[in-house]
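Q: Got a structure for you, questions after.
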């Protein structure tokens, strides 16, 4: 959706979408460039450094606004996604398309080592370090300056080495067709609009492409974390020009997901029809592909808006203000004592480097790194470490049902049909699936597999068929085993699958077109949600007690699948296949709860963490499972909200009914909405995806009230799951999401803490991936998140107090024109602070979840009280020590020749001549006393701020910290 850019100077691209982008045009202004140049000269280059850090400021200071058409510089915010029609892409010449779209590669361009070093050194953190080193060297603190330079060099080298290792893309030849002539080119030369041939032995897709002929079996685990192969079919026949709407011609990845091969996914095998090659049209390349967007989201994640980080910046500003006070105090004191100008400048700036701790970012990162390592040890892999802290605030978790709360596999519990082998019911069970043979083994969706195995039929590809009566239009044929067939001579009963319409979560059904051997006409078989399938059937074929029987099974927690059939006419368009069908019956599948589910949900409930079920299954089945696993207590009542769209002049409305008594309206509907607040403790709301969409559109205020106490959301499409997560976040919940990674990708990404239950070591579908195939990973993640969050608080408070303690010591010593020595600074920062910071983060998480959550920000009463109290205690002790030493009878005021800290009472002139003169006034009683007191204060503060129970293990179990 690329909007017109000729008239206005501000444009919004893809409005309302995830990749919305704001575009502004600018033109270079000469007089502004001259003024900025003068500013750079006057500030000694600091303004240039500031503009390097703030590129948006650089554009606005050196340019003037203009239209995008006339722009010399364009300021972009967020990302752009280009959506085109296939016809318009193909109509462009290959050269124009290659110039427009560029090279097809997902490559992280690694600059030279020199450029990387320059970029690292220009980081604000290293600039501050460089400023500090220059200042300390000028003040003859050489040892301390060398130590800081050594650590900075190691840090920079490590960063450069890590970036150098990143190589995310490789090129390889693929087949590519132009003007119906096959030629072999490199994948980097592909551009949207090209037609490529998919090799029959499979390949890894180098781009996003939409199938235009043939079928592919694809492993999309790289994208979804779901290892079950999926079937991709070619695009349906285009609508004639005269009846095509404007929207029909536009290709959209989300709407045509079943026909799109995504970059990075593995095409296992292809199926061809009537000898044709399997072809696909390239639609997206490079970073615009699905894999490119995922890589881009990993390399450049969205900023984490968390209260802790906002408060940390405010706290640093407070430290800068304190440093400003010390700066002014130092200048005034030095002028009063007639200190040389050079000393005034050095000591005044030195107090800034003391107050603002340059090692704070590294110290904060250490706790997150340790938490990430602990998560990996228990089988939870993280690709977004900053989310670990946020997981400590989670107070609501959404769960998918099938494969998450319940077992992946389904057991066939029963069917209700009388005819056996040659019935349409069994034929539908045997053909309506997307199973495929991979290395001789049937593979596909567990439900399809269980259903097909229950028939006892066998499947074979067209190469394995014993008869040649089929032509090559049918790549898959199913048939019953010979022993099940009647003993008739030459009895052959085979059904060939002509066309598949794979299962769609949005449509809640799948359909196949098949043909019986020897028959000219074809049959359509459909299976899916009973309510959906029944709506596609003739009313006289649907049993009268359909709703009653369905309700009986779903209340018991069974998963019910309905089957339907239609005999197709010789001439029929694809869009009329799923109409006027005959209802065949229902299959009842049993989906058992995982053994860990009830216990985990009980632990979450005791920790005051709310649980919600979000599933694509039937409403009553979901409610039954919610009761069985303890998500809904037995004594609580469930109210189903049914929303109806406007029709026949009537406005949209919501009706309420009890789940246990569907025929009766609830008290809420009779007495009105006012009872919502009075009945919050006893009621759980449930709704399906259709009602959710109507309420979101017509009753947005009501939606907020419903999600506050909604527990079951059934028949939810993947995008509706994402909308539910956003609605819960909109009422101030910190939301976790746990799913199997297939239809939950959007919700897993959008939640504060998304956990994918996948066998893969890492899944880019969610921030966290658990190798444990049950929900026991959820409490573990929350516990580690709480421990990491408390660790961040502890480290931040300790680093702040470390700066303040040293600030107090130096300020007091400045009053007698003294300071701490080079080795004293070195001992404090290396031997004390560095060891404590990197060991106090090692406390493991507490063994169980408690009902209290840790605070989310630094600006809170208890935290501020603890910090301010410690500051006052440290100030009092150091001040008392400083004054008390001066009252001692043995106290002597320092002078260059007294050497007051020497224990010898006899000072020879010869000794003085051989002793280095103490120009900095280091060797005095005040210095020694404050150094010892402050050293113990660092240790005491580290112990005080190392909070243990109820979020972390106590410090005495942290052996490394005790040793340090």
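Cβ atoms are placed via backbone N, Cα and C, with glycine included.
When I checked TrEMBL for this same protein, it listed these features:
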DOMAIN    17-78  domain 'P5B-type ATPase N-terminal'
TRANSMEM  33-54  transmembrane segment
TRANSMEM  74-96  transmembrane segment
TRANSMEM  142-163  transmembrane segment
DOMAIN    181-298  domain 'P-type ATPase A'
TRANSMEM  312-331  transmembrane segment
TRANSMEM  351-371  transmembrane segment
TRANSMEM  789-817  transmembrane segment
TRANSMEM  823-842  transmembrane segment
TRANSMEM  863-885  transmembrane segment
TRANSMEM  929-946  transmembrane segment
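Give me the lay of the land around each of these features.
A: Summarised by DSSP class, the composition of the domain 'P5B-type ATPase N-terminal' (17-78) is 29 helix, 17 strand, 16 coil.
For the transmembrane segment (33-54), the residues of the chain that approach it from at least six positions outside its boundaries are 61-62, 122, 124, 127, judged by C-beta separation under 8 angstroms.
Away from its own ends, the transmembrane segment (929-946) comes close to residues 794, 797-798, 801-802, 805-806, 808-809, 812-813, 820, 824, 827-828, 832-833, 836, 840, 843, 866, 870, 874, 877-878, 881-882, 885, 955, 958, 961 of its chain (Cβ-Cβ under 8 Å, at least six residues beyond either end).
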Q: Taking a Cβ cut-off under 8 Å, which residues six or more beyond the ends of the transmembrane segment (312-331) line up next to it in the same chain?
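A: Sequence-remote neighbours of the transmembrane segment (312-331) are 344, 347-349, 351-352, 354-356, 360, 364, 796, 800, 803-804, 807, 810-811, 814, 858-859.
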Q: Going along the chain, which residues at least six beyond the ends of the transmembrane segment (789-817) come within the CB cut-off of under 8 Å?
A: 308, 312, 315, 319, 322-323, 326, 329-330, 333-334, 337, 339, 347, 350-351, 354-357, 359-360, 363-364, 366-368, 370-371, 389, 392-393, 828, 833, 836-837, 840-841, 843, 854-855, 858, 863, 866-867, 870-871, 874-875, 878-879, 882, 894, 921, 924, 926-927, 930-931, 934, 937-938, 941-942, 945-947, 951-952
Q: Sort out the residues at least 6 away from either end of the transmembrane segment (823-842), same chain, that have Cβ-Cβ distances under 8 Å to it, and list them.
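A: Counting only partners 6 or more residues beyond its ends, the transmembrane segment (823-842) has Cβ contacts under 8 Å with 141, 143-144, 147, 359, 363, 366-367, 370, 791, 794-795, 798-799, 802, 806, 922, 927, 931, 934-935, 938-939, 942, 945-946, 955, 958, 960-961, 963-964.
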Q: So what's the average pLDDT for the domain 'P5B-type ATPase N-terminal' (17-78)?
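A: Summing pLDDT over the domain 'P5B-type ATPase N-terminal' (17-78) and dividing by its length gives 78.
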